[in-house]
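Engineer: Encoded as C-alpha cells, here's the structure I'll be asking about.
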C-alpha cells in the first residue's frame, strides 16, 4: 500500500457557512496503480490531487503515505516527504521560463543536493530517454506544447519518484501530442511508477487501471 | 546552487530590463549621493586632524559684551600665550600666529605679491605637525629674521635651486629674512594656510605687554589627559589679574566696576572644533570655516536618498512579484525550501546592488569635479579608492541588499505553492499599508526638500534684491592702487578722462568683500561707550557708493579742514543718543596716542557693510583719503573699460600686475556658502523627487497589473479612458496630499530655523506651500498618468482572456 486517505473532509468558510470541497473521501492506492480521477468542473478533482500531493491541507480525516501519518507531520517534514517520493506534472507544464530544458530538469536535483557529476549523468540519461538531447539548451518558449510537457514529465521523473501526480497533463495539447504523452505514462506505469491523473477525457482515463469519479467533492464511484 | 542562483538572477535581470534599469538607476543615484556626501563630510571632519597632537591643542579666544556690543575675537593679546604657559600648570606650551597679509616680497630682481605671510613663535612647528623636509629641522625659527617656506612657495621663488640660506626682502620688514627650512605645503584641510612663516622674534609688537590690544592667534598645547575646560575655568582669574590694572589706566574704571555691566573674558576652543564650530567667521577668523549644521543637513540628505532608493527597490521588486509567483510555486513543488528561495531572491538584489554600486562609482568619478566646484572642496579621485571608501561601499552593498531585498524576498518566498501556481495570483493586500507608508515617507522627503530649496532660493534672491543702502552695480575696485606709489595721482587723473568713468573715490574700506577693517573705542562726555567701526574715506565716497545723507553735509573739498569731522551712520547716531540734533556734537575716539575729538557733520543712512546675517553695526567715517581706488562706471562693456584701464596701469606702473574686483562679485562672494548650499540642495531635491517618481512608477505598474482585470471589465462596461486614469491615480494622489500634511509643518519649522540665522530675511508665505504642492503633484501625476494611460488604453479582451 502506497497511500491511504480515510474520511477526508476539506472546506472553506464563507460567511457563516461551510462550503465543502472534499467530503468524506476514502481512497487506498497500491504501488503500481494507474488511477484516473474524473468529474465535472468544480467537483474537487484538483483539490484531491493537491491533498494527495501534500501541496494543500485538509480539515478532517487521516492520510497515511508509506506508513507515515501525513496529517501529523510538520510542514518541513511533509515537504521533505513529497520531495522524496512525488513528482508533479501540470496542465500548464509550469516550466521555469528563465531556465533551459537542461536546467529545468536539473532543478529538483539541486534542491536534493546532488553532486554536479551525478546531476550531469542523471539529466543526460533523462534527456536521452525522452529523446530531447538536441533541445537541451532551448528555453521553454522555443518548444511546442507537447515538447514542453515532455520536459515537465522528465523533470518530474528525475528524482525517481514512486508516485506521479498529473493534473490534466494533456489539457493544453492537441490530440496527437496528448496520445504521445499518455503512451509515455503508460510506459512509465509499466516500469513500476504509480500514477494518479486528473482528466476530463474518457479516452485518457482508459489508459489507467482504475477510475475515481467525483461529484461536488464526494466520491461517487471507483 | 549558488551558480544557479546567479544564473537565474542574471536571466531575470535581462528579462525585466526596463524595470531593472529603473531599479539600478535609482540605487545608483542613491549610492552616488551617499558617496559624495560621505567624501564631503569626512573631509570636513578631518580638518586639522593632520596634527599629531590635535586633541591636545586649543585656541584662546576673546568674548565679551561691552556697552551692548557683542565682542568676539579669535585673536587675543600678545602676552596671553606666555602668561598662560607660566601660570597654569596644565598648559604644556603655547604658540602664536600673527597674520601679516600678502606683503610685497622681493628676491633678487623679482617682486611677488601673493605669498600668504605670517609671523609665528619659534616653537610653532613643535606644536603643529608641519614637518621640515629640507634644512634646519631642529629649531628653524630660533633666531630673528629667519623664515620657513612651504614646498610650492620655494618652487615659486627659487625653482629647483637650494633655498636654504637665501634671503628674501619683505616690505615693512627692515632686514632681509634668511630661509632656514622648507616644509611641506599646509594640508588642504587646515584652518590656516600660509606660504611663509617668519620668526616672531623679529616682530616687535609680539613683545608688547598690553592686555587691551588683540592681534595674536594663540594656541595652547595642554598636558596629556587634561580637559580644556579645566584650563578654561582658570582663565577668569588670570584675566582679572593682568587686564584689570591696564583697563583701569585706560578707561578709569576698576575691573570689578567694569564687569558689573559688561562681560569680557578669555575662552578656549579645541583645535578640532575650529573648522566646524567656530563662530568667528566674518570677525577675525583665519579662514572661512565650515558649518556643523550643514554637516547635519548633508547626513540627513544622504540617509534620505539611500532610504528612498531602498524603498524603491522594495516597491519595484514587489511590483514584479506577480510575475515571479509562478516560479516560486514551481520551485516549491520541486522541493525548494523557503530558506533557499529567500537566498535566491537576495542573490538577485545583491547582484543588482553590486551593479548599482559600480554605476554609482562611475557616476561619482564623473561628477566629482562638478561637486568639488559646487562645494568648494578639492576631494581627489584617489580618495574614492581609499580603503575607507571601499569598506564603506561593501557595507553599503550589504546593507542595501538586505534592506531592499529582505522584504520582497520574504514576501515572495512565503507564497503557498498551490496559490502561486494559479494563473493570476497576487498577494499584497495585506502589505498595502506598509507600501502606502513607504510612499508617504518618500514624498514627505521629496516635498520637504523642494520646499527647502524654494526657501533658500527665495532668501538668496531677497539678499540679491534687498536695498542694502548703497549701489553695488558697475563699481570697479582697484585695491592695490597704492602700488603705483607716486604715479597713483597721475594714473587717477588719466583714467578720470575716460568718459565711461563717472567718479573716483580713494579708500580701502568696502562694504563687501575684502576690506580694511578698523574699530576704536568711543568716549562721550568722558564716559566710555563702546567700540565702533571706522571708515577712512574721501569726499567722493558717498557719491561713488550711492549712499544717502540723512542729515548734515558731506566732507568738503579741502580735506584739511574736515580732518577732525565725522559722518556717522544712523545706528551710531541712535547708540550715542544723538537722535536730536546730532550735527555739531562731539565724541572722542580712543587712539594709541590718547583721545581724538571728532565733530559730527553729517549722518549717512544705514547701509549694510557686513553680511545680512547680522544687524547693522555703528559706523563712523573720517575724511582721510588713502588706499585703493573705487570707480563708479557707466558702461555696458565693462571688460572693454577694464582693458583700457589695464593699459593705463601698465603705462604708469612699475611692473606690478594689474588686479581689480567688481563690488557686485564681492557681494555675491559673501554668500557663497549659502549659495553653494542652495545649489547642492536643489540638485539633491531634484534627484530625490526623481528617485521617488521611479518608485511611484513601479508602484503604479504594480497597481495597474493588479487591476488589469478590473480595468478590462470597466472598459467592457463602457468606461472611458479618462475615468480609468482618474481611478488609478486617485489613490496615489491621496497619499501625496497626505504626505504634505507632514512635510509642510516639518519644512516650515526647519527652514524657519535656518532663516533665523539671517538678521534680514524673507518670510515663508502661503504661496511657497502652494508652489511646493504644485511641483510635487505635477511631477508625480506625470509619472502616474503615463502608466495609467497605457493601462487604460489596453484592449480589454487581452486582460480578460488571461483569466
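Cβ atoms are placed via backbone N, Cα and C, with glycine included.
Copying in the features that TrEMBL gives for the protein in this structure:
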{"type": "DOMAIN", "residues": "B:21-235", "note": "domain 'MacB-like periplasmic core'"}
{"type": "DOMAIN", "residues": "B:300-414", "note": "domain 'ABC3 transporter permease C-terminal'"}
{"type": "DOMAIN", "residues": "B:451-607", "note": "domain 'MacB-like periplasmic core'"}
{"type": "DOMAIN", "residues": "B:683-796", "note": "domain 'ABC3 transporter permease C-terminal'"}
{"type": "TRANSMEM", "residues": "B:20-41", "note": "transmembrane segment"}
{"type": "TRANSMEM", "residues": "B:294-316", "note": "transmembrane segment"}
{"type": "TRANSMEM", "residues": "B:341-371", "note": "transmembrane segment"}
{"type": "TRANSMEM", "residues": "B:391-416", "note": "transmembrane segment"}
{"type": "TRANSMEM", "residues": "B:437-456", "note": "transmembrane segment"}
{"type": "TRANSMEM", "residues": "B:680-702", "note": "transmembrane segment"}
{"type": "TRANSMEM", "residues": "B:732-751", "note": "transmembrane segment"}
{"type": "TRANSMEM", "residues": "B:763-786", "note": "transmembrane segment"}
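Walk me through the surroundings of each of these features.
Structural biologist: Here the domain 'MacB-like periplasmic core' (B:451-607) has a mean pLDDT of 87 out of 100.
Secondary structure of the domain 'ABC3 transporter permease C-terminal' (B:683-796) per DSSP, as helix, strand and coil residue counts: 97 helix, 0 strand, 17 coil.
With a threshold of 8 Å between CB atoms, the same-chain residues lying at least 6 positions outside the transmembrane segment (B:294-316) that come near it are 19, 22-23, 26-27, 29-31, 33-34, 37-38, 40-41, 44-45, 276, 349, 352, 396, 400, 403-405, 407-408, 435, 438-439, 441-442, 445-446, 449, 673, 677, 681, 684, 687-688, 691-692, 694-695, 698-699, 702.
When Cβ-Cβ distances below 8 Å are used as the criterion, the transmembrane segment (B:341-371) is approached by residues 2, 5-6, 8-10, 12-13, 20, 23-24, 27-32, 34-36, 40, 313, 317, 328, 331-332, 377, 379, 381, 384, 393, 396-397, 400-402, 404-406, 408-410, 412-413 of the same chain, each at least six residues removed from its ends.
Beyond the transmembrane segment (B:391-416), the same-chain residues lying 6 or more positions past its ends with a Cβ under 8 Å from any Cβ of the stretch are 27, 31, 34-35, 38, 306, 309-310, 313-314, 317-318, 321, 324-325, 328-329, 332, 338, 341-342, 345-346, 348-350, 353-354, 356-357, 361, 425, 427-428, 431.
Residues 301, 304, 307-308, 311-312, 314-315, 674, 677-678, 681-682, 684-685, 688-689, 691-692, 695-696, 699, 732, 735-736, 738-740, 742-744, 746-748, 750-751, 754-755, 762, 764, 768-769, 771-773, 775-776, 780 of the same chain sit 6 or more residues outside the transmembrane segment (B:437-456) yet have a Cβ under 8 Å from a Cβ within it.
Within the chain carrying the transmembrane segment (B:680-702), a Cβ under 8 angstroms from the stretch's Cβ atoms is held by residues 19, 22, 25-26, 29-30, 33, 297, 301, 304-305, 308-309, 311-312, 315-316, 318-322, 374-375, 428, 435, 438-439, 442-443, 445-446, 449-450, 452-453, 456-457, 728, 732, 776, 779-780, 782-784, 787-788, all 6 or more beyond its ends.
Below 8 angstroms of C-beta separation, residues 436, 439-448, 451-452, 455-456, 696, 699-700, 703, 764, 769, 772-773, 776-777, 780-781, 784 of the same chain, each at least six residues beyond the ends of the transmembrane segment (B:732-751), sit close to that stretch.
Beyond the ends of the transmembrane segment (B:763-786), by six or more residues, the same chain brings 443, 446-447, 450-451, 454-455, 458, 689, 693, 696-697, 700, 725, 728-729, 732-733, 736-737, 740, 743-744, 747-748, 751-752, 755 to within a C-beta distance below 8 angstroms of the stretch.
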Engineer: Just give the helix, strand and coil counts over the domain 'ABC3 transporter permease C-terminal' (B:300-414), going by DSSP.
Structural biologist: 102 helix, 0 strand, 13 coil
